[in-house]
Every structure is written in C-alpha cells, then in structure tokens.
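Feature annotations, reproduced from TrEMBL:
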REGION    15-47  region 'Disordered'
COMPBIAS  15-27  compositional bias 'Polar residues'
COMPBIAS  28-43  compositional bias 'Low complexity'
TRANSMEM  57-78  transmembrane segment
TRANSMEM  118-142  transmembrane segment
TRANSMEM  154-172  transmembrane segment
TRANSMEM  184-206  transmembrane segment
TRANSMEM  226-243  transmembrane segment
TRANSMEM  255-276  transmembrane segment
TRANSMEM  297-317  transmembrane segment
TRANSMEM  337-358  transmembrane segment
TRANSMEM  370-391  transmembrane segment
Amino acid sequence: MCPPELKQRHIAKTMTSQNHESANPFPSSSSTTTTTPLTTTASRPRKTLQDRKRIPFSIYLTVIVCFLLQFAAGVWNASTLSLWKGSMCTAWETFLHHVYYLGQPPSSTTTPSTQREYAQTVVLAFLTLSVAYVFFLAPLKAGLWTGQRAKRHFVHRYGGLTYMLQYAAAWLEFGSKYNPSSNITHFISINGLVQGISAFVSFKVLPELEDAGYISDKAVLSRNFVHENIFFTLMVYFGSIYYQPSYRAQLQSSTLGRVLEALFVFWPYVLIRIWFPITRFRNAGTTHNGRTKLNQTFYEISTVLIKIFFLWAKYFLGFYINFLVYLDLLSPQQWQFVHGLYLLNAGTVSLAVFLHTMRFKKVLPPKVTMSIYLLQIYLTFVAIPMAYPIFVEHLPLCGLTLAGLLCNMTRSRAVHAMWCGATMLLLCRRDYSQYLGQPIEW
C-alpha cells in the first residue's frame, strides 16, 4: 500500500496539473489529460424517404386553387380546346410558310423592300435555329428523350418536351397573327404546373437546402427550390386566365371569382407564398463545393443580377401590371405588349429549371446555361422603352408600386401585408381610384 503522505502528495500534484491544463486554452499534444468534448447543438435530422413521399399541403392548395380558378373563369367549355387547336394550327402554318419562304432563291426578291424582308427573315431564322439547338437538338443528341434512361420519370421528361413545343407555338402565333383571345398560354401554364409537381414528386433524393443550388456550376438543385418554383408557376397560371378577356370577364362576374382575383392581385405573397419554402439569395453558393473558384466571381455577379430582376418582376411585371388590368387601364395596343411580356416572363419560370438540367447532365457548359438564363430575364428590361407610355400615364400607380418595393426592402412580412391592405383599399374604392389614373379612351 502507498503511505498516506505520498498519497496526499500525489493527489495535490494531480490537482495542480489539472488546474494548469484547464487554464491553458491550447493544451499541448503531449498532454495525457483527457478533456471532455464540448456539446454541440443537434443538427436537424434528415427526412427519411418515407417522409419525402408525403405530399405537402401546398400541393393540395395549388391543385384546389387551379380548379377553382378554372371553374370561376368558365374555362370548362367547348371553345377552350378549339381555341388551343386554332393557335397550334396557326403556329404550324407560320412555320411552314417561313420554311418555304427561305427556300426561295434570293434572286427572285428584286425590290429593296422584299430584299430587306428576306434579310430580316434570314436573321430571324438564324436566331430561331440557335434557340432550337439549345432547347431541342442538344438535349436530343444527349439522349434526354431517346436514351436508355428516358423511360425513367417518363411524365416529367416528355412533359418538358410538350411544354417547349407549346411555348414555341405560342411565340409563332404571337409574332405572325396576334390573337388577344388566344388561350394557348393557359395550356402552357397547366403544362408548367404538371412539370413542377412531377419534379417535386419524382426527385425525392434532392437535398432540401436553403441554397437553391441554381446559381452555381457544381451544386445539385435543392428540392426546396423545386417546391418553391411551383408557387411562381401558379402565379403564371393565374396570369393565363386573368390576361385572357373572356376568362377575366367571367371571373369578375361572380363572388368566388372576385375573391380569387383579390387573392392573386393583392395578397399572393401574404396568403399563398407562406405555404411554400423559401430559398434566399444570400444563401446562394453556400453549398459545400457548389462553385469552383474559377467561376466564383461570375456567379456572384449573376446572383446580384437575378436579385435585381426578381424585384423588378415581382412588383412591376407582377403587381403593377395586375393593378392596370384590375382597373381596366390598358389600351388594345398596350394589351399586345403585355401579352408578349407575359409570354416572355412565363418562360423564365419553367425553362430555368430545364437549363439547370442541361447543366447538370453536362449537355451545355455551366456558364453558357446561366448566360442564357440571364439573357432571357433581362430581355424584359429591353422592353422598358416600349412600356414607357404604360408607366408615364399612371405615375401615381407607379409610385404606389415603388412604395411596395421599398416595403419589401424591410424584409418584414407585416410591413408588406400593411402595404397590400392599403393598396387594396385604394384600388377597390372607386372614389380613390380616380387619383391613380384615368381610363384610356380606346
């Protein structure tokens, strides 16, 4: 046995050593004293595959609202399919006409005006073929629709092909024989919703991150971004009904239609947006190894550009245009411009995800797909000179919309809700609406 005095001396020495170790925040590696590890906050547990199979309330809400909008707008009638068929036939005839026209020898165009028209057609054909290569030929060559894996996610893959064919047909009809009563955009928006929901249901293995994974060259797309994109597709769906004259008139003729109109014109980001996840720009690129150092600056600039576009699109392409429609302040010429702007904006929602797919599948280089997306969204800024009268004629309404944008800068949902309520009060009261712009004489 150890003598008592030696035992006490050993205990005192051990305590002194432990006090010295605890006072030293950086103990040496040769120390034999074992330190207790710090307890950390438990991370959020990952969802199991069974949890990911559950359909969230937002999907049910989307489907119910879509059917209510169709019912209130009188979409379910015999003329709906005939209008769509007419638009597709017009697009096909236009395509064949331009192919035949380009097949004619240039020598047959003798007058300066016809020569100029032929040159314009050649340039337009070159641009069209470039777009066709990006969205059709390149994916086709990569086996996106014909490869061995094309049978996987069949609905989503061929639904995307159907979307692009309809979208191309809509532009052909708009550019050749503009029809303000065309409803092809409604079928495009339905197609887009099916695409968004099928992507969310099909790709359960995607990570659920606040970083969208879109503004990067290596990161995988976040499932939260796919889910979030359904909300914006729902807004496009509402526009396809609200910007069609017969649907809008029917929508405004019933109490249910008026409630749905107010919901989407004034309260979409307060009452609908809350049911969908949010991916924030400040989290863009934060995924581990989501961006290469070589392209870091490029994607940081892209993030800023997309953020600017989002504010412009949310308030002036969204709220402001809807306010003009709500107050019936657009002339027929301005309606044509709005329909073109809507068609361009509709493509930025669904085609953006397809561009990411081509980046992920290595069909196109990452910077090319991002550049195409930036070009697409910033074409809406090019349209500002043509939209000049729409803004100048309704400056108080512009100011009201700008106030909403400034409220958005506070990042307070309560402040934004107060702006929505005040705006609804001003525009719904006829004795106040006269100060926000007189109706245009058509």
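Numbering starts at 1 and runs along the chain as displayed.
Note that Cβ sites are derived from N, Cα and C of the backbone, with glycine treated the same way.
Unlike curated entries, TrEMBL annotations are predicted automatically.
Contact between the transmembrane segment (297-317) and the transmembrane segment (57-78) does not hold: fewer than three of their C-beta pairs are under 8 Å, each pair 6 or more apart in sequence. Within the chain carrying the transmembrane segment (57-78), a Cβ under 8 angstroms from the stretch's Cβ atoms is held by residues 186, 190, 193, 197, 200, 227, 230-231, 234, 237-238, 241, 246-248, 250-251, 254, 256-257, 260, 272, 275-276, all 6 or more beyond its ends. Counting residues 6+ beyond its ends, the transmembrane segment (226-243) has Cβ neighbours under 8 Å at 56, 58-59, 62, 65-66, 69-70, 73, 75, 183, 185-186, 188-190, 192-193, 195-197, 199-200, 203, 206, 212, 251, 261, 264, 268, 272-273, 276-279, 318, 322, 325, 338-339, 342, 345-346, 349-350, 352-353 in the same chain.
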